[in-house]
Structures are given as C-alpha cells and as structure tokens.
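> Can you keep this structure in mind? I'll have questions shortly.
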Amino acid sequence: MHPFQWCNGCFCGLGLVSTNKSCSMPPISFQDLPLNIYMVIFGTGIFVFMLSLIFCCYFISKLRNQAQSERYGYKEVVLKGDAKKLQLYGQTCAVCLEDFKGKDELGVLPCQHAFHRKCLVKWLEVRCVCPMCNKPIASPSEATQNIGILLDELV
C-alpha cells in the first residue's frame, strides 16, 4: 500500500513536495470502509446487546424474588442495615441451623422471626406457618397489609 493512497497519489499528505495541484480526499462511501470499521460497529452492537441482556436478567430475578415475598407474606431484608434494627446479628436460622452472616438475604415474617430467604421460601412451600412459633402466615391480601405495617415500623 502506497503512503499516498489516502491522498489520491499527491504529496500533500506527507508535506514532502510543494505542488500546485490541489489535493483533496476522495469522498468515502459506506461500502469503501475498511473491514476493521465493520468489526468495531458489530462488536459495539454485540456489547450493547449483551449489556441489555444482563440488565434484563437482573431485573427479572429481582421481580421474581419480590413476587415470592408477596406470595408467602414475608419482608425481604439484607443483613446489613435492617438487621441492626431487628437485632439479628449472632442469631441462627431455625431452618438450616446456620448463623446469619453479613450481606445474607433474609426473610422476616410478620411475627418478626427472620430466616435465610431461600430457607424460608422452601419452608413456606411445604407449610404456611412460622418455623419458630408455628403462627400461621396470613393470606396474600393480609400479608401485603402486614408488610406495609412492618416497613413503616422499620423506617
């Protein structure tokens, strides 16, 4: 490839020889673009697609978790901020018998007993009572009201 090819064969591109001939770039159409430009455009499109796919999966999983908590009537907390108000540090999950650790996702029932969220969902699929006190869990309409009351109490 000649170094002058991009400048229509004249020396203006390198500034080596002064010439009276006017030098201008030829118009470039989309079909004349080099292959690497197509690769950049294609790669950017794939990147944006993958990023949007990741966001969609994240929001779908969040919606699924929210639907489970509304279905079974428990409030979801992360053992970080809300756990201090509920005094959950050092306690044990009654379902799996493991201690609560930092950033664990917990489910808090209307009776104020807390469990790991996954443990609680499995328990509530089998029995609709609290694993600690055997208090029945309210129906979904009552559970929504109870969750609102619990949220107001925690804030």
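Backbone N, Cα and C atoms are what each Cβ position is placed from, and that goes for glycine too.
As annotated by Swiss-Prot, transmembrane segment applies to 40-60, with the evidence given as sequence analysis. The zinc finger annotation in Swiss-Prot covers 93-134.
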> For the zinc finger (93-134), give the DSSP counts of helix residues, strand residues and coil residues.
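Per DSSP, the residues of the zinc finger (93-134) fall into 10 helix, 9 strand, 23 coil.
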> For the zinc finger (93-134), what is the mean per-residue pLDDT, to the nearest integer?
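Looking only at the zinc finger (93-134), pLDDT averages out to 80.
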